[in-house]
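Written out below as structure tokens is the structure these notes cover.
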Amino acid sequence: ASEPFNRPNSSSSSFTLVGVPSSESFPTCWGILFCSGYIITLVGNGVVLLVIGLNNSLRDPIHLFLAMLAIIDVVMVTSIVPKMLSIFWLKSTEIGYMACFVQMFLVHSTTSVESGVLLAMAVDRYVAICHPLRYQAILNRQTIAQIGLAIVVRALLFIVPLTGMVTNLPYCRSRVVPHSYCEHMAVAKLACADPRPSRLYSVAGSSLIVGMDMAFIAVSYGMILKTALRKKSCWKAFSTCGCHLCVLLLYYVPGIVSIYAQQFGSGISVHAQVLLADLYLTLPTMLNPIVYSIRTKQIRQAVLKLL
């Protein structure tokens, strides 16, 4: 164990990130894997943002929400992957005290915001299919801005107290974090004080946000299904939701598995838990623009025109 530092605001202190535990023998391979995913994420989401920005026909609500999703994905991976690459390739494992908590704040706030945007996209699909004649009136620019603001405020109300709880813990044990980034529970376990309050708050808060969002999404799709079955163009209605359903699965399934593996997976190896957490943050951000580019005709045509 290193020398104690009990001052929560100590700027001279730092943590050491391990990367992927038990995989120290081939860090170059992990670096190539995550670097490739990072490049695909930046290029894919950058192209989506570019075509939406250049085409006035793509300024409808669903594409504005898609642009929000692309921005969040870029912020999310940029907050962790560059540091991961410096660990794998440059052996630069040290991260400053404040930098660690800034990274923690960005990771957990963006995951909460992304869940809110996915809920907003489900509401968009509900209005488009169940109330098509009122679509533009209901989801106007002002409403979209208010929805975006509400999503960000909700994320801040959740993550600011959590970050404060972890930041104010006295750290006097080993500063080695067995993770690729400053995951809050991995950091909290290094504290001298009991980390259970922050752990309970994290589980309760994330379960509430994810559970509430998934419940509303399920209700939205239940009403979409009910409306679509009454129409002759039932298949067309479902096809408009295909991309969103794929993105939902990519985000929520790995996310739920990762969260509960971190909190309750005592029988799961640390190596597997870290890989799950890393893939949860990087895999959906890489695949989201690919899914929308392949399955959405307007995006696909705009990309081909741009090329």
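From the backbone N, Cα and C atoms, a Cβ is placed for every residue, glycine too.
Copied from TrEMBL, the annotated features are:
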- 44-292: domain 'G-protein coupled receptors family 1 profile' (DOMAIN)
- 30-52: transmembrane segment (TRANSMEM)
- 64-89: transmembrane segment (TRANSMEM)
- 95-123: transmembrane segment (TRANSMEM)
- 144-166: transmembrane segment (TRANSMEM)
- 203-225: transmembrane segment (TRANSMEM)
- 237-260: transmembrane segment (TRANSMEM)
- 272-292: transmembrane segment (TRANSMEM)
Whether the transmembrane segment (64-89) meets the transmembrane segment (203-225): three or more C-beta pairs under 8 angstroms: no
Range from 30-52, 144-166, 203-225 with most C-beta pairs under 8 A to the transmembrane segment (272-292): 30-52
